[in-house]
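Notes to accompany the following structure.
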Amino acid sequence: MSSFLGKWKLSETHNFDAVMSKLGVSWPIRQMGNTVTPTVTFTMDGDTMTMLTESTFKNLSVTFKFGEEFDEKTSDGRNVKSVVTKDSESKITQTQKDAKNTTVIVREIVGDTMKTTVTVDDVTAIRNYKRL
């Protein structure tokens, strides 16, 4: 999992507003979500990974073990049950579930880019992060 470790800055995003809309995120929060460029930092302590997301809007930290469900509060305020699986050394999949939706977030390292694909039902967004 060393390919994920370190800091990543959002460099480009496609269709994120549509995903937020599908999740029922309010218009003002969607506007903020469309303008911020978060930095994501991954660290490992044994078999536990922490993902810290920092932006001018909000800072969030989630700590998890692969394959174990945990409670998570999303940046838009939803409470979800989440699980992260390790697909390979360079690819992880996070599944978030609440009463209404299932969100699948695939993060894959390709060179110095972390390609993040966010899917809710039939709506998909791509968010690319560059290694800092």
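Cβ atoms are placed via backbone N, Cα and C, with glycine included.
Neighbour count (other Cβ atoms within 10 Å of the Cβ, all protein chains): 23 for ARG107 ((9Z)-octadecenoate binding site). Sequence annotations record features per position, and here Swiss-Prot assigns (9Z)-octadecenoate binding site to ARG107, ARG127, ASN128, TYR129 based on similarity to another entry.
Among the features that Swiss-Prot reports, (5Z,8Z,11Z,14Z)-eicosatetraenoate binding site is placed at ARG107, ARG127, ASN128, TYR129. The Cβ of ASN128 ((9Z)-octadecenoate binding site) has 16 neighbouring Cβ atoms from other residues within 10 Å, across all protein chains displayed.
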